[in-house]
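TrEMBL annotations:
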type	residues	note
ACT_SITE	His109	active site, pros-phosphohistidine intermediate
BINDING	Lys3, Phe51, Arg79, Thr85, Arg96, Asn106	ATP binding site
DOMAIN	1-132	domain 'Nucleoside diphosphate kinase-like'
Amino acid sequence: MIKPDGVHRGLVGDVIKRFEQRGYKLVGIKVLVPSRELAAKHYAEHDGKPFFPKLVDFLSSGAVVAMVFEGKDIVRTGRTMVGATNPLASSPGTLRGDYGIDVGRNVIHGSDSVESAMREIALWFKADELADYTPAWIYE
Ligand code: RTP
Ligand code: MG
């Protein structure tokens with residue numbers, strides 16, 4: 001998910017491009033301004049932590065782009081492409097390492113496990129909003 005800072009900064013195209021050129025398949029995408037309730041559900045694992053209120057405020061402060069990508073090892077590779085939570089600790093070449101310096105403005109969210117991805121996909125998308133197709137010119 002591209003967070004409000006990434007959308008405001010015009011980084012949507014670059015984020016999608018990086019996943020596309022790596023070979024991942026975009027199967028779902030939507031733009032929305034999340035409610036505080038949806039943002040809190042998304043980050044429920046952090047409820048009670050000191051940064052939680054700010055996190056929910058920020059995620060619901062503007063438009064986000066929610067996406068579902070498919071492909072080999074997408075969760076692990078996706079997290080590598082996203083970079084470390086704190087952009088200052090993210091390597092150049094990662095999204096956060098290329099675009100951020102502040103932990104509260106780190107451009108993008110990436111699911112941290114397959115289980116989290118399944119939960120988050122169900123939270124943000126209806127089943128009929130995900131496309132079922134095979135781009136046979138990339139995958140054997
Ligand atoms: P995300 O869920 O957004 O992909 O980020 P992440 O897995 O790398 O990090 P996570 O621990 O899940 O934290 C969620 C978001 O909360 C903000 N955060 N602030 N100490 C702090 O002030 C702090 N720690 C985390 C970050 O924006 C992080 O992306
Ligand atoms: Mg996380």
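Here the Cβ of each residue, glycine as well, is placed from N, Cα and C on the backbone.
All annotation found in TrEMBL is predicted automatically rather than curated by experts.
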Candidates near ligand 1 among the recorded positions Lys3, Phe51, Thr85, Arg96, His109, judged by a Cβ under 6 angstroms: Phe51, Thr85, His109
Span of Lys3, Phe51, Arg79, Thr85, Arg96, Asn106 around ATP - largest C-alpha separation, Å: 21
C-beta crowding around Phe51 (ATP binding site), within 10 angstroms: 12
Position of peak Cβ density within 10 Å, selected from the binding-site residues Arg79, Arg96: Arg96
Lowest local Cβ density among Lys3, His109, which the record lists as recorded positions, within 10 Å: His109
CB within-chain contacts under 8 A for Asn106 (ATP binding site), separation at least 6: Lys3, Asp5, Gly83, Thr85, Asn86, Pro87, Arg96, Gly100
Helix, strand and coil totals (DSSP H, G, I; E, B; other) for the domain 'Nucleoside diphosphate kinase-like' (1-132): 65 helix, 19 strand, 48 coil
